[in-house]
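Note sheet for the following structure.
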């Protein structure tokens, strides 16, 4: 039996689960977290595909436009390829390897992480056939969401949508530039020619975003309902920060110095990149690779205000659930927990290396405090919570069984090749009162509510749907904690 008690550690009040045999095997969770990306693959699957219940899909993507847009990732439980969250996913996977490469190598997961990144970047390169053209979506959310079909069976339209110089999307182009620049750092030594190719695309996309301003949903209206961007200044800054790190070109530093620093942020996500950019720049300052001149100190100030608020030592602390999980919004809250936890983890490492602390309004915070708080959030996700449930599918013995995910919830095409059409999928599988036939290993679902309650029901998509944007940040955190 488990019981809960309150205890005080490093100045933080936590609700901790005490069990006779609590042992979180972060390495196993890391392996599973990367498997999830293989389950999300679109296109012709490779011979080393480990998720065997998946098959080839989307093999004609782009054909209507005379292009090859095969590949990339489905964003969540649907079969649409959305460019903005896909690019953010790639950026976060790449950042994870940039920061924690030795930890991935120690767990023998570096090659899998790099394969996950390259599956995304290969597609993003295809989606950028000209300097001022970027394809930002394949498939339509409206028609796709009205059906319940395996990706291998799709009959819904695979319409392609783009931005160009007459129909701009600075946020989409900026995030894609960031993804390619971050990935270029990852592949710099192992594949220099590919790294150079990524840099060239990233530079072109940054110039495209800079010279043709606009929000991408104005050019791709079908994205409005699903991934609306709140602005593009953050993506321009984010792209400049990654291009500066990848190229050392002073033009990007000058852009950063003149840009809006974003101030104190309340969230870090596929939509709002300010906190991520602030942490990236602040780390450069602490390491002595960036000057403290201009407004660069404002980035450091913003980064540390965000972190202080997360660890409950700031002036506008992030809310928490009854059991201590960071609480941002009711819909898929864990995607914001994983991203915040990533920022805390990577900042803890730079504080440790530079022998510094954060002076929060509440108290001084050490790198050990930060890593401890991040570990608590991860442990909650993996099962140290009032429900004794792992919100990572396939981890432990008690995890979500009815994940809102088309491919996982329908019998594998390898087992039953009969085409399961739109309404049949809804009637026979979506509404079926049974566990999913396929285990979507490694998927982090939306998570519990603020009272730590969770209902494992396929139609409860705010809580039970996973996404690549949720998983990508926790990959790096798990690598760091595993070794």
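Sequential numbering from 1, following the chain as shown.
In case you wondered, yes, glycine gets a Cβ from its N, Cα and C as well.
Listed features, source TrEMBL:
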SIGNAL    1-23  signal peptide
DOMAIN    26-478  domain 'Glycoside hydrolase family 9'
ACT_SITE  404  active site
REGION    446-468  region 'Disordered'
COMPBIAS  450-459  compositional bias 'Basic and acidic residues'
ACT_SITE  456  active site
ACT_SITE  465  active site
Which site among 456, 465 has the most other CB atoms no more than 10 Å from its CB, taking these as active-site residues?
465
Distance [Cα-Cα, Å, rounded] between residue 456 (active site) and residue 404 (active site):
9
Whole-number answer please: how many Å between the C-alpha atoms of residue 465 (active site) and residue 404 (active site)?
5
Other CB atoms, at most 10 A from the CB of residue 404 (active site):
24
Taken over the domain 'Glycoside hydrolase family 9' (26-478), the model's mean pLDDT:
97
Looking only at the region 'Disordered' (446-468), how are its residues distributed among DSSP helix, strand and coil?
5 helix, 0 strand, 18 coil
